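Annotated features, as they stand in TrEMBL:
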type	residues	note
SITE	ARG19	site 'Transition state stabilizer'
SITE	LYS26	site 'Transition state stabilizer'
SITE	ARG157	site 'Positions MEP for the nucleophilic attack'
SITE	LYS219	site 'Positions MEP for the nucleophilic attack'
Amino acid sequence: MISRLPSIGVVLAGGTGRRVGHSEPKQLIKLAGRTILEHTIELFDASPDVDEVVVLMTPGFVEPVRELVRRCGFGKVTAIVEGGASRTESTWRALQAVGERECNVLLHDAVRPLLEPRIITDCVRALETYEAVEVAIPSSDTVLVAEDDIVREVLDRSRLRRAQTPQAFRLSVIREAYRRAMADPGFATRQATDDCGVVLRYLPEVPIYLVPGSERNMKVTHPIDLSIADQLLRLAAAGTPAPAPPDYRRVLSGRTVAVFGDGAVLAALASGYGAVVRCFPADLARTEEQAAKALAEAGPVHHVIHLAGPRPGSLAAADAEALALACLGASNVARAAYPLLRETGGTLVLQADGGDGSVAAPARAATAELARALASEWAADDIRVNAVLTTDPHRTARTCLDALASGLTGQVMEG
Ligand SMILES: Nc1ccn([C@@H]2O[C@H](COP(=O)(O)OP(=O)(O)OP(=O)(O)O)[C@@H](O)[C@H]2O)c(=O)n1
Ligand SMILES: C[C@](O)(CO)[C@H](O)COP(=O)(O)O
């Protein structure tokens, strides 16, 4: 029997909300009829992946939170503890409050009430393999370094991510990182702004796995965020479908997914939603015959994904083999998949490198146009075809699943 570690959700609500500027802590402001804190505690209390919830609350407001927890019937809340003077001090207090038994801890900002349950699940699942997990999304803004109102550096956006929460850890690991931080006199003068930052600084040998976050998982920081979060929470309460998270399990559970290319990350993600994943080397996309032979071995196939993977470099320097695969791999897989997908009414997803360079660029354009054209040609056969233009493997995996779960066809999705 596999015994899984218990998972504790820690809701960090120890701040005062200076930037929002209300007289009460911002987590007690009501949005869509309930306090931000209520919305957030409920996410963890209702999650099948969370066993206990611990709340860190602004000094002077512990009793009202105790009353709120009782009134709402949040049965998983086992402790409500006074927060510290900074976010990291609140985390440190939380780590002392959760006891000695090894477990998973998911540290979450109380002021991110729009967290999707999928992210909690992905974090807990990632902790089966990793000891530290960060949730992040790509940056849509260009980020720069400035000093005294002068721009000193414009950072390479393709490498940047915006950190969100929860940030999830094996208790012994985050506790050791914080123990070292608290013993370091330099930590007080250069505080970390998130918990993964503490692990990276004090336990650099521990790999921190990235789980894709979402734009929706915003942090209520400034007054304008109150209006945005209020609208989104109201839409969710009214059951408006637009912001609803995709139902991956519906399209993946018990289905066979054939993946050409480096499908390790995608396979781990899809099998978590109940899919049977068959991965084939990228080379088999070199000819239609090879791709068809591989697919025939997989049995009835519900979804086929072609991962072109990274295609960096210039046209002049590329070898002919790589070029042929970049240009024709998607077409070969599409032709081989057609008879099988016609049987199952399945989905074809064609991924291309979203990065720069004269090998990637034409392959990307061709992939997007191929997906659009096939989507209309194969609509009569009930086959959906979408293109995914991405570089990062985690983003690729998640966007491919979005392309399967969307119910749409002829879409070009960028991650
Ligand atoms: N001493 C602190 C400070 C912050 N937090 C929590 O950390 C999360 C993210 O912090 P932030 O958005 O900065 O909240 P505040 O510190 O309240 O806001 P501000 O910086 O504007 O005062 C919030 O849920 C906040 O309650 C905490 O638990 N303890
Ligand atoms: C942890 C965090 O939410 C990740 O983006 C962020 O760093 C918290 O910063 P804050 O200034 O405490 O809101």
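In case you wondered, yes, glycine gets a Cβ from its N, Cα and C as well.
A 10 Å radius around the C-alpha of LYS26 (site 'Transition state stabilizer') takes in these recorded sites out of ARG19, ARG157, LYS219, in sequence order: ARG19. Only LYS219, in sequence order, out of the recorded sites LYS26, ARG157, LYS219 have a CB under 6 Å from ligand 2. Between ARG19 (site 'Transition state stabilizer') and ARG157 (site 'Positions MEP for the nucleophilic attack'), the C-alpha separation comes to 27 Å. For the pair ARG157 (site 'Positions MEP for the nucleophilic attack') and LYS219 (site 'Positions MEP for the nucleophilic attack'), the C-alpha distance works out to 21 angstrom.
Every protein chain shown contributes to the tally, and the Cβ of ARG19 (site 'Transition state stabilizer') ends up with 12 other Cβ atoms within 10 Å.
Counting every protein chain shown, 26 other Cβ atoms lie within 10 Å of the Cβ of LYS26 (site 'Transition state stabilizer').
A sphere of 10 angstroms centred on the C-beta of LYS219 (site 'Positions MEP for the nucleophilic attack') encloses 16 other C-beta atoms.
Residue environment of ARG157 (site 'Positions MEP for the nucleophilic attack') contains 12 other Cβ atoms, counted within 10 Å of its Cβ in all protein chains. When secondary structure is read from DSSP and collapsed to three states, LYS219 (site 'Positions MEP for the nucleophilic attack') falls in the coil class.
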